[in-house]
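Trainee: The structure is given below, and queries will be raised subsequently.
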Amino acid sequence: AAQDKVSLRLQNYVSSCREPEGQEQKSHDISSASEDRNQLTYLVTDAPPWYLCIFLAIQHCLTAFGATISIPLILSEGLCLQHDSLTQSHLINSIFFVSGLCTLLQVTFGVRLPILQGGTFSLLTPTMAMLSMPQWECPAWTRNASLVDTSLLVFKEEWQIRLRNLQGSIMVASLLQIVVGFSGVIGFLMRFIGPLTIAPTITLIGLSLFESSAAKAGTHWGISAMTTLLIILFSQYLRLIPVPVPAYNKIKKLHTSKFYIFQRFSILLGIVVSWLFCYILTVSDVLPSNPAHYGHLARTDVKGNVISDASWFTFPYPGQWGVPAVSLAGVFGLMSGIFCTMAESVGDYYACAKLSGAPPPPRHAINRGIGVQGLGSLLAGAFGTGNGTTSFSENVAVLGITKVSSRRVILLSGVFMILIGIFGKISAVITTIPDPVVGGMFMVMFGVITATGISNLQSTDMNSSRTIFIFGFSMFSALSIPNWIVKNPGSLHTGVKEVDHVLHILLTTNMFVGGFLGFILDNTIPGTKRERGLPDREHEDVSDKFSASLELYDLPFGITSFLSSQSWVRYVPFCPWRDRDTDGRTEDNNVMLRRGSELSSHGEIVEMR
């Protein structure tokens, strides 16, 4: 019955689109070419050849490279580590290791889509707000490179006490995500979180980091401008220019193949070229060697002997910086970031399923994905990365470019990220990137994050005065209120020290203020679903008519088959459950996935409901 229904819809579509005989052949050729371009090469459950898996996995790692190294580099300033490159390399090791571990957990036991996990910028804003409080402000001597001795115990205690409080707060805040995910509350909350809540929240993440990017770019504006221009050149102007590379297969033997290297590795190429240019200027003594002169930080030898001092192998482990502590104010501030990561990830799940030719993820998969992501943030806090974890939207976009959505590739990417986290020399090399090069990269990355937030408004009615009012007021208030509180630190005085700290962190976190105001106004001011940008129907589970294609969301190692015999499983919100009477009535998984992909390539939307 399912086959007949899909075939009938396809026939009706073809009949409705039939053109006059003179144009029929031409239209057929165009549609065939379009189908070839849109057809997925490998589906979620497919296994590409091992050599292709390795290449694509490395590409995913490189795509996540810029965002992953940015987080520890930004955190180092708030942790008083801006002059301790060796510890920065340890943080980079830790975040790569945990990101790989969380990716394996998410693809195996979480939402089970080919989605990469990594650090999140959503936690950076509340983290920096927490570290900017008077009791956590870095001493003046830690900002002076000539006064910092990284081997002294007093210096180690300065940054470790901050990191321990940060990681303990992250661990407690992540419990909220675990509970919301595994309890199934996320499905209820998403009914009230629309684009007018998400847009100001994500936009303000990028805007709140302008000081960090400007500070690094300002160490040498010429080098930072060159880095920015190179990334723009590669990612925008040269992205569609293929580069011939050698390739081999059994049919064509050794031949050349077109590879869009500028599109795939624009950020990495921009960093490498600028880095190499700084090295040439350093060895030729064009850049000043005196730390007091402008442009000194563009030299590649500023970091000293960090590469030689770093060990070849390092193994991150929970509690490596000591026993985590908890800051109540930090927990509440980081919870605002946790809510943002949940909203982002749910959107990524649906986008990933669409690009993968898979049916929309059912409720149990979304609940499990958010719950496992919470476990990932708990691990990130325990390992002391100073950050949490979320799904990487840029890697979801890679699926649409490569037409390979095999989760085996993402699993291998997770393994590679773990290996990067183990090799200490790799992270040490990364820390030697000159500050203006990093600043140029930040200018592009944070600008894209800002625009990504604004792009969430495309589903709303931007001609509506309601939409304009809510977004404009939320944004302006989120910039004004934190700025005033930072300039008037003694203005929040309730008489209870802990409450003052909580209010200070929340009200100086731009994304919390903007997201909170957007949420309240969007859910209280009357408006149609079209104005709010909400779907006509709530997210519902997919009908068991297509349960074969839903098997990709089942738990691995036969866990789902074992649980299906238990009637109580239907009441567990994160466990898949199907009536045993429907078993045997469905087609093979890959056949249904390919049929859905073929229909999608013709512009037909297959609703698996």
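The backbone N, Cα and C atoms fix where each Cβ goes, and this holds for glycine too.
What TrEMBL says about a protein is an automatic prediction, not a curated fact.
Given the structure is predicted, the values throughout are model-derived calculations rather than measurements.
Per TrEMBL, transmembrane segment is recorded for 49-75, 95-115, 170-189, 221-240, 261-282, 321-340, 409-430, 436-455, 467-486, 501-521.
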Trainee: Are the transmembrane segment (409-430) and the transmembrane segment (95-115) close enough that 3 or more Cβ pairs fall under 8 Å, when only pairs 6 or more apart in sequence count?
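Mentor: Between the transmembrane segment (409-430) and the transmembrane segment (95-115), which are separate recorded stretches, there is contact, as judged by 3 or more close Cβ pairs.
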Trainee: With Cβ distances under 8 Å as the criterion, find the stretch in 221-240, 261-282, 321-340, 409-430, 501-521 that has the most pairs with the transmembrane segment (49-75).
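Mentor: The listed stretch sharing the most Cβ pairs with the transmembrane segment (49-75) is 409-430.
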Trainee: Which of 170-189, 221-240, 261-282, 501-521 has the most Cβ pairs closer than 8 Å to the transmembrane segment (321-340)?
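Mentor: Stretch with maximum Cβ contacts: 501-521.
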Trainee: Need a quick answer: max count of Cβ pairs under 8 Å to the transmembrane segment (436-455), which of 170-189, 221-240, 467-486, 501-521 is it?
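Mentor: Looking at each of 170-189, 221-240, 467-486, 501-521 in turn, the most contacts to the transmembrane segment (436-455) are made by 221-240.
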Trainee: With Cβ-Cβ distances below 8 Å as the criterion, list the same-chain residues six or more beyond the ends of the transmembrane segment (501-521) that contact it, or say none.
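Mentor: Distant Cβ neighbours of the transmembrane segment (501-521) are 122, 125-126, 129-130, 132-133, 192-193, 196-205, 207-208, 327-330, 332-333, 336-337, 339-340, 469-471, 473-475, 477-479, 481-482, 485-486, 489, 492, 494.
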